[in-house]
Amino acid sequence: MKILVPVKRVIDYNVKPRVKADGTGVDLANVKMSMNPFDEIAVEEAIRLKEKGVATEVVAVSIGVAKAQETLRTALAMGADRAILIQTDDEVEPLGVAKLLAKVQEEEGAGLIILGKQAIDDDSNQTGQMLAALLNLPQGTFASKVEVEGDKVSVTREVDGGLETVKLNVPAIVTTDLRLNEPRYASLPNIMKAKSKPLATKAPADYGVDIGARLETLKVVEPAKRSAGVKVADVDELVAKLKALGVAA
Amino acid sequence: MKTLVWVEHEGGAVKDATLSAVTAAAKLGEVHLLVAGAGVGGVGEAAAKIAGVGKVHVADDAAFGHALAENVAPLVVELMGSHDAFVAPATSNGKNIAPRVAALLDVMQISDILSVESEDTFTRPIYAGNAIATVKSKDAKKVITVRGTAFEKATREGGSGAVEAVASTGDKGISSFVGAEIAKQERPELTSAKVIVSGGRALKDGETFEEVIYPLADKLGAAVGASRAAVDAGYVPNDYQVGQTGKIVAPEVYIAVGISGAIQHLAGMKDSKTIIAINKDEDAPIFQVADIGLVGDLFKVVPELTGKV
């Protein structure tokens, strides 16, 4: 079975995003960029399935600027076999990404497509579900456990009240939640080896789908700030405050 | 504009998140509801009483019993022939189903909205709530998920919607529900609690978490939450997690115990009315957002507090 893993280049998890003064977006100039953390979990899961002998090949794909090559090289260094970059300087919305990925899947015929549940930049949480819809495939979103059993895949999902398990026909779409696994760090020899793994570069036009933006961002602002309040000296003072709030009797 | 709101329900009752979605939908126009599930006649009737509701479409079929997106999305698409906007609460079900609907309609979904500015313009959080974007949709039909804490809940009484059965679109046969481990909660639900007591990694382990946090929560009639660090360390199950990737809460009073205040956690609770922080590190970032702070050893302070409230 082949596994397709879409990955996105985003602002690094540890960097605090700054809103641009002109309100047009978040300042990404000279900011450290990394692979979206949920996508790292997706890559890790695919590699583990290959190590278990379930998957035969792991293909990473990214849609983005030329520098998204670095993100794909990270996936290759972790253990993916080859990569595809659909290069564009335009911001592509989840719907457009799903359309491009659907075309990639038509060519690749993967048994599983594993994606992060959301990207930590736009926080949309849509691409996996949209891709499943376009391909008419089942979806196991917010996965904390993935088990392939013949032509079915059993996915344990993190839902509001706890956990839920669904069984899906293969091919299937899986989106990852935080506790699915802990992604490995690529070793130096593997980083070197990744440089010679195949990376194909394509353009959105190669796939002939409409990826035009449907949403227009009118402005981006900082959220309302909370200001620090008062410190109380001891528990008695805190109890008095709680009473004033009507929380304590 | 005619809206169709997905009704989230459990054990025969409409969940609170739905009521917030109804309020958001009412800002767009006429509110119709969709109740899908197995044996949901009672839910349909309860939903019809929600204030401001017009028609209630009820799809009663085993295929919808566990809200599988593969089966529900085609049903919604069918109904969207006569509606202009699909509105779902941003719950795990809503987030699972709505994008599938959006793609089938060739619409770009607007996720997790905080406000309705006009028929086609909304605000939503991006970058873990570190920025708020105002976005305008060019799609003819809208697909929207609603952040529950950002909208008042519609009242459960006073409405007189017309209940109408809709034909099932059937089981698509590509997915099935196997089982669920839903934690039994004797305490209020996190997303609708008035008071929340949350614990962080400083609680050391599951046992001390239980010994320190639970008695205070029970004394205050509060729900129990946790930081991602406490969940990752295995002190409590994942559904306790408050934060950008966990639950978004906005109670009257949020008490953070031994939580340092990572951006990720703040994104999930910073809209709480009053934030109280208890932490031994006086430089902990949580104090920058807390209305009331107490610097001290939680293992001494919290039991004392529990004894005095």
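Cβ atoms are placed via backbone N, Cα and C, with glycine included.
Here B:Q241 (FAD binding site) comes close to B:G225, B:A226, B:S227, B:R228, B:V231, B:K247, B:G268: these same-chain residues lie at least six apart in sequence, with C-beta atoms under 8 angstroms from its C-beta. Sequence annotations record features per position, and here TrEMBL assigns FAD binding site to B:R201, B:227-228, B:241-245, B:258-265, B:N279.
For B:3-181, the entry in TrEMBL reads domain 'Electron transfer flavoprotein alpha/beta-subunit N-terminal'.
Taken residue by residue with DSSP, B:H265 (FAD binding site) is part of a helix.
Take the binding-site residues B:I259, B:A262: by the count of other Cβ atoms within 10 Å of each Cβ, the lowest one is B:A262. Within its own chain, B:R201 (FAD binding site) has B:S227, B:A229, B:A230, B:A233, B:G258, B:I259, B:S260 as residues 6 or more apart in sequence whose C-beta sits under 8 angstroms from its own.
Within its own chain, B:Q244 (FAD binding site) has B:A128, B:G129, B:I263, B:Q264, B:A267, B:G268 as residues 6 or more apart in sequence whose C-beta sits under 8 angstroms from its own.
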